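Contents: one structure, followed by commentary.
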Amino acid sequence: MEQEPQNGEPAEIKIIREAYKKAFLFVNKGLNTDELGQKEEAKNYYKQGIGHLLRGISISSKESEHTGPGWESARQMQQKMKETLQNVRTRLEILEKGLATSLQNDLQEVPKLYPEFPPKDMCEKLPEPQSFSSAPQHAEVNGNTSTPSAGAVAAPASLSLPSQSCPAEAPPAYTPQAAEGHYTVSYGTDSGEFSSVGEEFYRNHSQPPPLETLGLDADELILIPNGVQIFFVNPAGEVSAPSYPGYLRIVRFLDNSLDTVLNRPPGFLQVCDWLYPLVPDRSPVLKCTAGAYMFPDTMLQAAGCFVGVVLSSELPEDDRELFEDLLRQMSDLRLQANWNRAEEENEFQIPGRTRPSSDQLKEASGTDVKQLDQGNKDVRHKGKRGKRAKDTSSEEVNLSHIVPCEPVPEEKPKELPEWSEKVAHNILSGASWVSWGLVKGAEITGKAIQKGASKLRERIQPEEKPVEVSPAVTKGLYIAKQATGGAAKVSQFLVDGVCTVANCVGKELAPHVKKHGSKLVPESLKKDKDGKSPLDGAMVVAASSVQGFSTVWQGLECAAKCIVNNVSAETVQTVRYKYGYNAGEATHHAVDSAVNVGVTAYNINNIGIKAMVKKTATQTGHTLLEDYQIVDNSQRENQEGAANVNVRGEKDEQTKEVKEAKKKDK
């Protein structure tokens, strides 16, 4: 009888967690023994794992009272167990049918070119063409006859000699139904072979599975959704036809501590249903001069089998460079330096060094992942793109040029309603005029303050003896000024940091908001009867409003600085004129301290959590509107220049007045 845990966790959650741990323990053992070729032991482990998976899934966790983080974690474990159960059952069915064992045994034999079919009436219905009677003799491959053909064999394990009832020179025979172990998705006609399912069938079957199915710590480094083909090379040297263009991705595991426990590589390459483990400086990869990447076929566990990966020439250059860079980091990538056609065999030659034998190439495909050229130094890519050898034959064909790839549709410029552009330009123009008016008004106000202060000082009678201010008071005010100034700088630094974080978060959130927000917008707003988008027009107006508000806000800041500087300077001058230089200096420190306190209070108000959320939302909106902004910064630059000139002029005047006051006091 199962006991309740001390922390009050329900017994059902404990059962699910125990079933989860035991199930994956047996599944991992089954995977390890399966990779070692111990099929019977692997089946026993798989069956035990399925039992624990069924036990964990059988417990209901969807009742209304099952709430809280514990039940949420349990539901996630059950979902993962369901996905694992499907995969384990599929693998167990394959093992029980003996497909994997038969495939491995058949590969030990030399594959033939054409399938062996019952001789029915095919030879009588298809008379031998005259052109085949004079065909050249066939080349011998390991003692068996084979015909040189452009088409190749996708499943060499099921190949055998042609029927003796047909001449040896006859073309391959076709049957209305697929032979045992094969599937057909096409049918023959008088004009050629046609697919019976269409392009959608292949596209739907070439989509990458979810990343979560590979592991919780799986990290996808690159994903090419389409335009990648693979072909297979058997031990006899025969090459299969390229597969239908599919996806490619490279995945690495973040938790390296589990690699030895689960007996898994640090990462792997996946091209459709084919997987290749990637171990830095150990997994051999050869880039051919013909444009293909060659890998040992480790999934078949048979020596001499290779897989070629071909990238379409229509793929972006950045994807190709990233793919090569990742291979360089995660495998033992090498270049085919020369293609020797004179001897009619493909040799991977390194200029100035001896050539590796074919036995060395075959040994590289074993489980120990030996190096391709034993005894030689590595020939690796240097820089971003490796250069092709100078003596490469000009007759070589780049295989990537024949791989079809879906073209990327060009983005058409959005058609905006006429009213949106007019309103946007009017908003920007009005904001520019308002900002200019604020700066100009502040300049006039500053001059008026200066005139008023001068007239006030003319009516004031200075004290006969300057007021003596205690040095302690002066020093205290000076220290207060320095302290408040430092606080203002620190608070400003913190505000800048908060703004930087908010900007980064806002930029990351903007694409998601735009993606999911567009789903909530009715189609009537996305496009009207004239083909124009009212929503885009409204976004342009909103972006212009943000630009206009920013322009007006900058004008307000410039105007406020001008007025505060003028008021502060004239106040200090008036006190200095009336009570002497020492009193004026003390007043100057006090006014600066008051200004610093105000700035610090304003900055602290913008550091809190609410301010952070507000800034993040604001930056998200700004990022969304970046594509709709209309650049019009000429007037803004003029306003800032005028404000800066005005502030500099005021500071010069203040400096002159301070010097004059010091002379009078002396």
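Glycine too: its Cβ is placed from the backbone N, Cα and C atoms.
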Review point. Based on the annotations in Swiss-Prot, which residue of SER470, SER533 is described as phosphoserine?
Key: SER470
Practice item. Examine the ranges 193-200, 361-368, 369-376 and name the one recorded by Swiss-Prot as motif 'LC3-interacting region (LIR)'. Key: 193-200
Check your understanding: Where DSSP helix means H, G or I and strand means E or B, what are the helix, strand and coil counts for the region 'Required for localization to lipid droplets' (431-503)?
Key -> 62 helix, 0 strand, 11 coil
Exercise for review: Could you tally the C-beta atoms, other than its own, that fall within 10 angstroms of the C-beta of SER470 (phosphoserine)?
Suggested key: 10
